[in-house]
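**Q** Got a structure here, written out as structure tokens. Questions coming.
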């Protein structure tokens, strides 16, 4: 199987952490769309949003998704990538989409433990726990709609990777 694997889910679900280790275990290339975009523009996500607002960032995010999609690649996407209908169809039609699902409490704890998350612009201007709750309520149905595989991401990364590999084996052998 050489199809790209798209990891989707909210901030803090482990897309980058799991993605790097999953790519290594599958002997694949790893790309994070936010990191790729930041390196191309030499700007942080917050700087891009400040300069181009969210609409401009979302357009660049779509271009990044198309640019990094390649065979034998694990792609960690931005949490809002599913907000654009084109992106949802693109991922569904060009690879296997894995939703890393976790409850609000886990996401908030992870985000509070990661100081680099302070570099991310707020989506709602609300306190973190309220923002995560609101954003997840808005996006969960979209994550589920686009996903070929849904994985409980509350476990340790090694367990999440094992579950993804098992689900991939079942998907391929159907």
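Quick reminder: no glycine exception, Cβ is built from N, Cα and C everywhere.
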**Q** For the substrate site that Swiss-Prot assigns to 34, 58, 139, which of the candidates 12, 14, 79 is also assigned?
**A** 79
**Q** Given 82-96, 97-111, 112-126, which one carries Swiss-Prot's region 'LID domain' label?
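**A** The range carrying the region 'LID domain' annotation in Swiss-Prot is 112-126.
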**Q** Consider each pair of residues in 34, 58, 79, 139, all listed by the record as binding substrate, and report the largest Cα separation in Å as a whole number.
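**A** So the binding residues stretch over 18 Å, Cα to Cα.
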**Q** Among all protein chains shown, how many Cβ atoms are found within 10 Å of the Cβ of residue 139 (substrate binding site), not counting that one?
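**A** That number is 18.
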**Q** Check the region 'LID domain' (112-126) for me and report the mean pLDDT.
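**A** That region's mean pLDDT is 67.
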**Q** Could you find out if DSSP has residue 15 (ATP binding site) as helix, strand or coil?
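**A** DSSP assigns residue 15 (ATP binding site) to helix.
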**Q** If you measure residue 12 (ATP binding site) to residue 58 (substrate binding site) at Cα, how many Å is it?
**A** 19
**Q** Can you give me the residues near the recorded substrate site, meaning same chain, not 34, 58, 79, 139 themselves, Cβ no more than 8 Å from the center of the site's Cβ atoms?
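**A** Here the non-site neighbours turn out to be 11, 61, 77, 78, 80, 81, 82, 83.
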